[in-house]
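Only one structure is covered here, and it is reproduced in the block below.
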């Protein structure tokens with residue numbers, strides 16, 4: 001049987017088949033890794049610091065660009081269907 005590796009970027013942990021965390025079809029070693037460390041939660045493995053690879057609160061898009069993308073996706077003029 002193939003060894004499962006955690007789907008978290010920069011995580012080098014093996015996934016325990018009896019304690020796997022699934023998210024979007026990928027296997028992760030912990031809930032923190034499955035959620036991509038949204039609040040900087042550490043990886044449970046003492047020698048792994050994959051939580052450092054995530055950009056907590058960072059993004060490469062301005063609020064104005066985000067507003068425009070949202071308006072393009074959900075125009076205010078579209079009627080809401082019941």
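Cβ atoms here come from the backbone N, Cα and C positions, even for glycine.
Summarising the annotation, Swiss-Prot assigns Cd(2+) 4 binding site to 6, 11, 29, 33 and lists experimental evidence as the type of evidence. In the three-state DSSP classification, residue 6 (Cd(2+) 4 binding site) falls within coil.
Listed in sequence order, the residues of the same chain lying 6 or more apart from residue 11 (Cd(2+) 4 binding site) and placing their CB within less than 8 Å of its CB are 5, 28, 29, 33, 43, 48, 50. According to Swiss-Prot, the Zn(2+) 3 binding site annotation covers 6, 11, 29, 33.
Under the heading Zn(2+) 2 binding site, Swiss-Prot lists 8, 33, 37, 50. Residue density at residue 8 (Zn(2+) 2 binding site): 26 other Cβ atoms are found within 10 A of its Cβ, drawing on all protein chains shown.
Packing around residue 50 (Zn(2+) 2 binding site) is summarised by its Cβ count: 22 other Cβ atoms lie within 10 angstroms of its Cβ, all protein chains included. Residues annotated as Cd(2+) 3 binding site in Swiss-Prot, with experimental evidence given as evidence: 8, 33, 37, 50.
Summarising the annotation, Swiss-Prot assigns Zn(2+) 1 binding site to 11, 43, 48, 50 and lists experimental evidence as the type of evidence.
A sphere of 10 angstroms centred on the C-beta of residue 13 (Cd(2+) 1 binding site) encloses 19 other C-beta atoms. Annotation comment: Swiss-Prot describes 11, 13, 29, 43 as Cd(2+) 1 binding site, evidence class experimental evidence.
According to Swiss-Prot, the Cd(2+) 2 binding site annotation covers 11, 43, 48, 50.
For 61-82, the entry in Swiss-Prot reads region 'Disordered'.
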May I ask for the distance between residue 37 (Zn(2+) 2 binding site) and residue 6 (Cd(2+) 4 binding site), taken between their Cα atoms and rounded to an integer number of Å? 13
Residue 29 (Cd(2+) 4 binding site) in three-state DSSP notation: coil
Enumerate same-chain residues with a sequence separation of six or more from residue 6 (Cd(2+) 4 binding site) and a Cβ-Cβ distance below 8 A; give 'none' if the list is empty. 12, 13, 14, 15, 27, 28, 29, 30, 33, 50
